Ligand code: ATP
Ligand code: MG
């Protein structure tokens, strides 16, 4: 099993190092870790945020563990040289079309949520967001109007093939969890959503063991705050997923604990914490590595089918949290290495 490790910028290298320690501690047979440069770190060394050598490592790997990219000193550079291009380029190059974001409140952390503790405590959901289509990638433009003024426009579109592909990811994820899939759209107003809904219903025939429901996005936003415990897996388009996944993260309330996966066709995937490079705390050993450690657990589950090992890591993190091992993001005083140690001890 070949895993590319792209630590990147800011707190990226610190948090990634702890996740690598955890992966190594599992004693997985045939584990091979290959490091590569991305982001501002790569630009400094090679003059490009996503050098060809890094792309080659990514192509040859089964999965990628990604830290974070972001570098103030690159602010003035042309767009294609900015650190963020590393993640956008990898998405494109590897065909990563599905973004998976679990949101869960660990026992004892209910009070960190913006929601009432009893509501927050029930959150254990997964958002599956389509990444390659929708209004972000449609035709777009800004027209000058004949009578003065301007009109901006962005074309929203989904083909049934694009919907089918992401629907399968949603149904399979639901099979691996509690068997409930909620498809979120705006089918009362949008033709895109009509194709979305029809296609999801068609795909559902292949998953008789999954209970499918449909929800309009406005209602979904409301239910995520009102009764988030009712959701298991949510599958939705790029725009709605972008908004709902950030909303769900904040319902959980701890940026240092949230992992994510971006999947291609097959099992290749890129795994990263949802937080960024956090320049304000970089290099100080203060960052909470749990989000990256949990990303490594997702990597084992989704790219290698190692459910038991993934669950072992998640249980170790949950145990550390239950024992009060809190990083600065949770108002605690544990640093990066101490949290890594605590998770390893409980593994
Ligand atoms: P970027 O531009 O790379 O996204 P950012 O400035 O938006 O960077 P984020 O990484 O998104 O920063 O973090 C937002 C805030 O949360 C920062 O103040 C940061 O210190 C804090 N934070 C982020 N990740 C962690 C972490 N793993 N542990 C502790 N605090 C964190
Ligand atoms: Mg950010």
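Each residue, glycine too, has its Cβ placed from N, Cα and C.
The feature domain 'Isopropylmalate dehydrogenase-like' is assigned by TrEMBL to 2-343.
What TrEMBL lists as substrate binding site is 91, 101, 129, 218. Annotation for residue 129 (substrate binding site): same-chain Cβ neighbours under 8 Å, separated by at least 6 residues, are 98, 99, 100, 101, 236, 237, 238, 240, 241, 242, 244, 245.
Non-local neighbourhood of residue 136 (site 'Important for catalysis'): 154, 238, 239, each in the same chain, at least six residues away, with C-beta under 8 Å from its C-beta. Taken from TrEMBL, the feature site 'Important for catalysis' covers 136 (among others).
The site 'Important for catalysis' annotation in TrEMBL covers 186 (among others). Cβ neighbour count for residue 186 (site 'Important for catalysis') (all protein chains, 10 Å cutoff from its Cβ): 22.
The feature Mg(2+) binding site is assigned by TrEMBL to 218, 242, 246. Packing around residue 242 (Mg(2+) binding site) is summarised by its Cβ count: 17 other Cβ atoms lie within 10 angstroms of its Cβ, all protein chains included.
Using a 10 Å Cβ-Cβ cutoff, residue 282 (NAD(+) binding site) registers 19 neighbours. Among the features that TrEMBL reports, NAD(+) binding site is placed at 276, 277, 278, 279, 280, 281, 282, 283, 284, 285, 286, 287, 288.
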Of 91, 186, 242, 278, 288, which recorded positions come close to ligand 1, meaning Cβ under 6 Å from one of its atoms? 278, 288
Reduced to three states, what secondary structure does DSSP give residue 91 (substrate binding site)? helix
Proximal but sequence-remote residues of the same chain as residue 218 (substrate binding site) (Cβ under 8 Å, at least 6 apart): 186
Out of 91, 101, 284, which of the binding-site residues has the smallest number of neighbouring Cβ atoms within 10 Å? 284
